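Comments concern the structure below.
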Ligand code: TYM
């Protein structure tokens, strides 16, 4: 098994990233480690399980950005991932810009990806809005780079939130067309990756609007819980979260048409591992005046230890540089064979 996933180092790591993706990364890292140990105990196997997690800094330049901020956000996001439980000794943690094969493979895949496929991407449509002509080419071809990110390493599993599923489906289409067009049936260059979307927290919504996803790019900091927020900030944000005037229902069907209530209950479930029925059994009939402090408490319980580690780690610039350099060296090595095969399949002469 090969697990690969990435995150853009823009803004803060927030609860949506954590529950939708990073928590799954940590879970998969731990499972892979167990698998490797079991294999070793049985006498070893050539097929090691590997997890690769990266800062998608190349993706971050697809929209207007401040170079100095991008550099510090890349290091901060590295610290945040380690604080969440990504262990650089067990997973390969790196940033894209230190592994040129991502950009190289993207160019090779640009010959296979179709304009019509990219035109259908909902993220492109949402971000470009009515001003398509004014967008960078990088924003349009962004999903091809994302395909290169996972195909380069023969990823089998890609843990992501719901919003990235369409990009992963595109990666599969690109891989399939490339294999069909340029490879013999018994020697495909690329593995088709499987998106892994958590059923319970695939889409965490904004605290200010239950119909918009929680996002780093929302101008209001009150719309999200950052993993760097302290207990007071978390309690304040939960208290101010938008709700409706009704008490919580006793059954899940009663959450229909109440997006803000649904979101808060969903967050509570994802944090505690309880089902919606359990939570409504406990809080049904009660107002948000009772539910919000309870939610705030479980949030603080999850976020505080992460924040404490994050603050320590982000102060150690040298350690972060070392983590990224080591991760990049390992990623470069793992990606080279596939990149070589892709060049060869296309008939490109490299001496
Ligand atoms: P990004 O940086 O927007 O988000 C990182 C991860 O967090 C998930 N996520 C959410 N999940 C649930 N609820 C939310 N509100 C929420 N907001 C974000 C995302 O689904 C994602 O898994 N294009 C990607 C980065 C990327 C990538 C890749 C991912 C680049 N190359 C290759 C996987 C494989 C992005 O911008 O994610």
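Placement of Cβ uses the backbone N, Cα and C atoms for every residue, glycine included.
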Residue among 204, 225 sharing the ATP site, where TrEMBL lists 8, 9, 10, 16, 17, 161, 162, 163, 213, 214, 215, 216, 217 as binders: 204
Sequence-distant neighbours of residue 10 (ATP binding site) in its chain (C-beta under 8 A, six or more apart): 60, 65, 70, 73, 216, 217
Whole-number Å value of the largest CA-CA distance among 8, 9, 10, 16, 17, 161, 162, 163, 204, 213, 214, 215, 216, 217, listed as ATP-binding: 19
Rounded Cα separation (Å) that holds between residue 214 (ATP binding site) and residue 149 (L-tryptophan binding site): 24
For residue 149 (L-tryptophan binding site): DSSP state (helix, strand, coil): helix
Inter-residue C-alpha distance, residue 149 (L-tryptophan binding site) and residue 8 (ATP binding site) (nearest angstrom): 13
Local confidence of the motif ''HIGH' region' (9-17) - pLDDT mean: 92
